[in-house]
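> Pasting a structure below so you can have a look.
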Amino acid sequence: MLTKRIIPCLDIKDGRTVKGVQFENIRDAGDPVELAKWYAEQGADELVFLDITATNEGRKTFAQLVREIARHIDIPFTVGGGISSVADVEVLLQNGADKVSVNSSAIKNPQLVEELARHFGSQCVTVAIDTKYKEETGWKVYTRAGTIETEYKTVAWAKQVVELGAGELLLTSMNNDGTKAGFALDITREVAQAVSVPVIASGGAGSIDHFADAFLKAHADAALAASLFHFRELAIPDLKQYLKAQGVAVRV
Amino acid sequence: MNLVIVDYKAGNVQSVQFALERLGVQATLSSDADTIKAADKVIFPGVGQAASAMAQLRARNLDKLLPTLEQPFFGVCLGMQLLCQHSEEGNTDLLNIIPLPVKHFETDLKVPHMGWNQLENLKSPLFEGLAEQEYVYYVHSYYVPVSEYTIAQTSYPEPFSAALQYKNFYAAQFHPEKSGAAGSQILKNFLAL
């Protein structure tokens with residue numbers, strides 16, 4: 001049976017992991033390759049690397065890093081952050097990334113999604129959607145790291161990018177992100193049911209039950225978390241054993 | 001061993017080369033007919049769209065060469081589909097080495113079929129040392145139905161060909177280079193054929 005995926009996410013700045021990761025058995029937790037290898041051994045199903053570097057110099061470092069990650073890990077990984085053209089994607093895929101994720105650039109230019117799908121195939125195009133709920137507006141799409149409200153309603157935008165060729169959606173609720181209060185189950189379920197492609201739930205993971213809820217209640221295909229894994233509040237083998245006992249199909 | 005990865009600008013050649021490197025094997029990337037013909041073994045990766053991959057093969061005359069090869073050959077993902085007869089993806093004629101069709105998933109389940117799924121009904125030395133129900137990584141929207149050439153199957157929700165063998169042509173729909181220890185074992189088994 002196809003299993004639900006558990007995905008640690010690593011923020012990268014100038015080629016190093018950003019969040020103060022604390023692991024006793026990793027020589028250099030600031031080294032994304034070391035951390036990625038460790039997660040792969042722990043049973044992570046995929047990894048996401050987000051480049052939050054702002055400089056051109058840093059971007060070159062990131063492409064080099066992608067190559068080192070591909071050299072050393074034997075599970076799939078997605079890379080995102082600052083991708084705005086076919087040429088950007090070409091460099092990352094050539095260096096061994098399996099998928100790329102686009103966010104603000106897709107909002108600025110939705111045709112980019114179509115162009116990427118045509119050039120590289122839908123299977124490697126993930127569209128990241130940052131969404132926020134407000135009483136007055138309902139769930140809307142936000143851009144620029146969740147700071148600017150766009151014209152798009154979340155479900156309509158999800159359908160539109162899938163129509164354009166997105167092969168997967170990474171849905172992050174800005175209301176939930178960082179709260180550790182659980183994933184946004186309502187919008188995740190709504191999007192997962194509205195589109196034909198897999199949906200990754202993101203934002204708000206704080207405990208083991210939250211993952212079960214994302215899969216069993218919101219029908220997410222994958223769940224992503226960062227600090228919860230980085231700070232060792234939850235170990236992936238324990239999470240997977242728990243999910244299995246709850247009747248969630250996982251790779252253990 | 002002289003191992004060649006067919007490089008035709010439509011493959012995840014880098015990932016396959018790295019996976020072999022992790023096994024301590026150096027592979028040559030090439031689209032040159034003489035280099036490929038002289039190889040002891042050939043690996044044929046592929047991602048992307050069937051019609052554009054076929055165009056890349058034709059542009060390098062590889063569509064003529066590949067069917068004539070006699071050494072152990074391993075097609076991966078789109079590289080497996082391209083060995084077949086015809087694909088529903090863009091209504092594309094393929095290399096026609098293995099007389100099988102490539103179809104689009106018609107299911108209520110999510111497409112692409114993306115993530116880790118299980119291998120069943122293993123019947124090839126390619127799977128030496130692997131247990132039934134082993135997990136491997138998939139990402140694809142088209143599939144080859146189960147046939148007499150199927151050497152492993154996976155269900156989504158119906159069984160499809162996870163791997164094929166036809167004469168010297170072996171092929172896998174999943175990505176052995178991204179399938180952890182199980183995938184490495186499969187690559188190792190291919191190298192030992």
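Cβ coordinates come from backbone N, Cα and C, glycine included.
Because TrEMBL annotations are produced automatically, they should be read as predictions rather than curated entries.
Pulled the feature table from TrEMBL, pasting it below:
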- B:Cys77: active site, nucleophile (ACT_SITE)
- B:His175: active site (ACT_SITE)
- B:Glu177: active site (ACT_SITE)
- B:4-191: domain 'Glutamine amidotransferase' (DOMAIN)
> Can you name the residues of this chain that are 6 or more positions from B:His175 (active site) yet have a C-beta less than 8 Å from its C-beta?
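Listed in sequence order: B:Asn12, B:Ser15, B:Val76, B:Cys77, B:Val136, B:Tyr137, B:Tyr138, B:Val139, B:Gly183.
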> How many other Cβ atoms sit within 10 Å of the Cβ of B:Glu177 (active site)?
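Looking across every protein chain shown, the total is 30.
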> For the domain 'Glutamine amidotransferase' (B:4-191), what is the mean per-residue pLDDT, to the nearest integer?
96
